[in-house]
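Participant: One structure coming up, written as structure tokens, with questions to follow.
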Ligand SMILES: NC(=O)C1=CN([C@@H]2O[C@H](COP(=O)(O)OP(=O)(O)OC[C@H]3O[C@@H](n4cnc5c(N)ncnc54)[C@H](OP(=O)(O)O)[C@@H]3O)[C@@H](O)[C@H]2O)C=CC1
Ligand SMILES: C[C@H]1O[C@H](OP(=O)(O)OP(=O)(O)OC[C@H]2O[C@@H](n3cnc4c(=O)[nH]c(N)nc43)[C@H](O)[C@@H]2O)[C@@H](O)[C@@H](O)C1=O
């Protein structure tokens, strides 16, 4: 890649896309092509085709997708399979036809079988049944991988497929119904700390900035909605989390992922998928203790077992990526602290 190359980052306002843009700019790439979903709906094949014909990017980072946590995946299966199939099919096909030199596609660790051996090696793909809460999204992602591999074989198109583990970072989705676990925990513990202090004005600010607080969470916080804000109902705030807390997850800071994306765009051209992770995991309960300590909430945590646990464990084997010379830099605790501090600042703006 040259610094003058024209680079399209699809999904540049999202968690991953915004981190890739930061990384590219920091490295001196300046000819970036960016479109919001309002400007270019990637589900619209004709619009995507016109865009590639006009803009003629050299490289594509495909970070636009329908993404969400366990509850969103489980609740909106049609949206997850349809939007992802449409977005990735339109972008990969148009990129190939309009002379893109190389495309990077992002899958996810959830493409692997639910019960596969740990840590998960790349060759375990399609060796067993998927986790039910996200099989629609996983099937779409597997189709994206197969499309990249088929386009390489038939057309010689240089498309690579990265499988990141669970990600977190700035510009994440903090909506308590649709987000992933880490942004949800950071926000829930923060709200509980504010409720402990009786700072109802700050809770109203949080809701204006990060979206509606669901009724069950308000109840756990010991709050009731009023016509003008919130009032306390005389009960100590608790943090309500989902499932049993026993599943294990691995977390990668999105700035590390963006670094790996640029590294692999420059050094990897193969049809085999490649895992991107940190090589160690924690239980959801351990994660809750870590976030609780960082945010500084003193009260109790309760587990809502009416919500699903999802996959028991999905720890990636990252030896292939390490063998190429890449390893992550940001430790989980430091990364969470950075995100928590930033969301504190954002709440005030
Ligand atoms: N978050 C995670 O933990 C993980 C994510 N990944 C993968 O990384 C990639 C990016 O995920 P992430 O950044 O978390 O997701 P986000 O939800 O944060 O961002 C997704 C982006 O996709 C864009 N987008 C969605 N639908 C459309 C559409 N119809 N047309 C155009 N753009 C659209 C949105 O654009 P706009 O803002 O303009 O609406 C948004 O910026 C995905 O492929 C995901 O599968 C993989 C593993 C884990
Ligand atoms: C990246 C990945 O993300 C999703 O899979 P997931 O890892 O299961 O997602 P998650 O982050 O939502 O949950 C992880 C664990 O945490 C528990 N948990 C506790 N309390 C909260 C909570 O408050 N919110 C959420 N969301 N989860 C909670 C939750 O019950 C689960 O056991 C898929 O979209 C999948 O397709 C995918 O690719």
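Placed from the backbone N, Cα and C atoms, the Cβ positions cover glycine too.
TrEMBL: automatically predicted annotations, no manual curation.
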Participant: Report the candidate from 158, 270, 309 that shares the substrate site with 188, 242, 249, as recorded in TrEMBL.
Facilitator: 309
Participant: Rounded to a whole number, how many Å is the Cα of residue 137 (active site, proton donor/acceptor) away from the Cα of residue 164 (NADP(+) binding site)?
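Facilitator: Given the Cα positions, residue 137 (active site, proton donor/acceptor) is 14 Å from residue 164 (NADP(+) binding site).
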Participant: Here the binding-site residues are 11, 164; which one has the lowest number of other Cβ atoms no more than 10 Å from its Cβ?
Facilitator: 164
Participant: For the recorded positions 11, 110, 164, 167, which sit with their CB under 6 angstroms from an atom of ligand 2?
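Facilitator: So the answer is 110.
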Participant: Compute all pairwise C-alpha distances among 188, 242, 249, 309, the residues listed as binding substrate, and give the largest one in whole angstrom.
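Facilitator: It comes out at 19 Å between the most distant Cα atoms.
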